[in-house]
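> So TrEMBL has the following annotated:
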- 87-336: domain 'G-protein coupled receptors family 1 profile' (DOMAIN)
- 1-25: signal peptide (SIGNAL)
- 71-96: transmembrane segment (TRANSMEM)
- 108-132: transmembrane segment (TRANSMEM)
- 144-166: transmembrane segment (TRANSMEM)
- 186-203: transmembrane segment (TRANSMEM)
- 244-272: transmembrane segment (TRANSMEM)
- 284-306: transmembrane segment (TRANSMEM)
- 318-338: transmembrane segment (TRANSMEM)
Amino acid sequence: MWLLWLLQSFTRGLLLVLPCNVSKAKLTHVVFQQFPKQVISFSASNDVSMNHTTVVEFVLLGLAGSRPLEITLFLFLGIAYFFILLGNISVITITLTNNFLQTPMYYFLRNFALLEITFTSIFLPSTLYSLLTERKTISLPGCFLQMLFFYCLGACTLFHMAVMSLDRYVAICHPLHYTAIMNSRLCLQLILGCWALSFLSMSPPTIMVMQLPFCGPNVMNHFYCDASPLLELSCTDTGFIEELLFITLIIILPGTLLVTAVSYGCIIVTILHIPSSAGRRKAFSTCSAHLIVVTVFYSTCIYRYIRPEQRGGQDSDKVLSLFFSVLTQTLNPYIYSLRNRQVKQALKERVLKFSGSLRQM
């Protein structure tokens with residue numbers, strides 16, 4: 001708590017000495033014609049002093065510029081969100097209610113499913129509402145909270161994927177010691193560590209973004225509140241925050257990717273030594289599906305947030321964000337869990353039991 005208080009105090013003090021950069025020409029009552037409700041009134045004289053600024057909400061341009069395309073995207077994202085909820089809720093229910101699925105692997109999958117539901121629910125419902133109603137505004141507090149949880153839960157997803165790859169490494173490469181190593185205490189510590197590390201690492205830069213003054217345009221070319229377009233809309237110097245955010249991401253993304261890649265590399269080497277060709281094919285089938293998801297997720301994340309000298313506001317950024325925040329989240333429960341033989345058997349038994357109870361009614 002004291003560290004957070006110190007950070008906030010330092011940020012407020014820094015912002016007090018950084019004047020807003022506005023034009024020296026006198027400006028009064030600037031009204032965005034495209035969004036008549038968004039009125040930002042300010043005046044500035046030659047000494048660059050501002051009388052007042054008011055930015056009460058941001059305008060998210062969204063994913064489409066035409067109404068037919070918005071309806072198409074609404075249907076696509078609505079179906080994707082339905083399958084995300086259906087797949088992950090099924091994983092949670094099945095792994096909780098079946099005794100033979102009470103192993104560390106399914107414990108991690110259950111927590112990962114809960115994390116995915118939370119992550120996608122931060123922005124997908126509001127995006128669907130915007131596509132359906134054409135209301136593209138979001139309040140300042142809502143925007144800041146969406147950005148904070150998007151980054152924190154996104155980082156938690158990366159840490160969680162690394163932990164699951166370590167679990168698979170221990171299970172396949174050290175099967176005789178798996179139960180002793182991956183005990184319930186260590187599993188809980190790993191899960192709590194993922195959440196703690198994600199919030200501790202991503203909270204400082206995102207909280208600093210929240211402290212910035214916004215005294216100019218309020219239109220963001222995105223479908224959720226992201227740090228890059230927010231930094232571009234701020235009327236003060238954001239160089240330090242940009243560097244801090246970049247350093248944080250460049251540690252988390254390649255760091256977790258390295259852990260995941262090394263774990264799967266060791267798994268592949270172990271699989272190659274399996275004498276049975278059928279066993280090798282089965283193991284490779286499972287690993288290849290996992291690696292496809294990991295590759296798509298990490299490649300889009302790294303290209304979106306770590307590529308040099310090209311920040312948010314571009315249409316390509318929205319497409320990349322759509323890939324790693326929606327597409328991979330839709331595939332994850334079916335690749336990580338529902339392709340598993342034990343999970344499919346448990347799901348089949350659950351469906352048969354449910355259909356039998358319906359017949360009795």
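Backbone N, Cα and C define each Cβ position, glycine as well.
Context for these features, please: burial, neighbours, distances.
Summed and averaged per residue, pLDDT over the domain 'G-protein coupled receptors family 1 profile' (87-336) gives 88.
Among residues of the same chain six or more beyond the transmembrane segment (108-132), those with a C-beta under 8 A of the stretch's C-beta atoms are 60, 62-64, 70-71, 73-74, 77-78, 80-81, 84-85, 87-89, 91-92, 95-96, 138, 146, 149-150, 153-154, 156-157, 160-161, 163-164, 167, 187, 190-191, 223-224, 325-326, 329, 332-333, 336-337.
Among residues of the same chain six or more beyond the transmembrane segment (244-272), those with a C-beta under 8 A of the stretch's C-beta atoms are 155, 158-159, 161-162, 165-166, 168-169, 172-173, 201-202, 204-205, 208, 227, 280, 283-284, 287, 290-291, 294, 298, 301-302, 305-306.
Residues of the same chain lying 6 or more positions beyond the ends of the transmembrane segment (284-306) and with a Cβ under 8 Å from any Cβ of it are 154, 158, 161, 165, 168, 246, 249-250, 253-254, 257, 260, 264, 267-268, 271, 317, 320-321, 323-324, 327-328, 331-332, 335-336, 339.
For the transmembrane segment (318-338), the list of distant contacts is 63, 77, 80, 83-84, 87-88, 90-91, 95, 109, 112-113, 116, 119-120, 123-124, 154, 164, 221-224, 226, 289-290, 292-293, 296-297, 300-301, 303-304, 344, 347: same-chain residues at least six beyond its ends, Cβ to Cβ under 8 Å.
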> Per the 3+ Cβ pairs under 8 Å rule, pairs at least 6 apart in sequence, do the transmembrane segment (144-166) and the transmembrane segment (71-96) touch?
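As far as Cβ distances go (cut-off 8 Å, pairs 6 or more apart), the transmembrane segment (144-166) and the transmembrane segment (71-96) do not touch.
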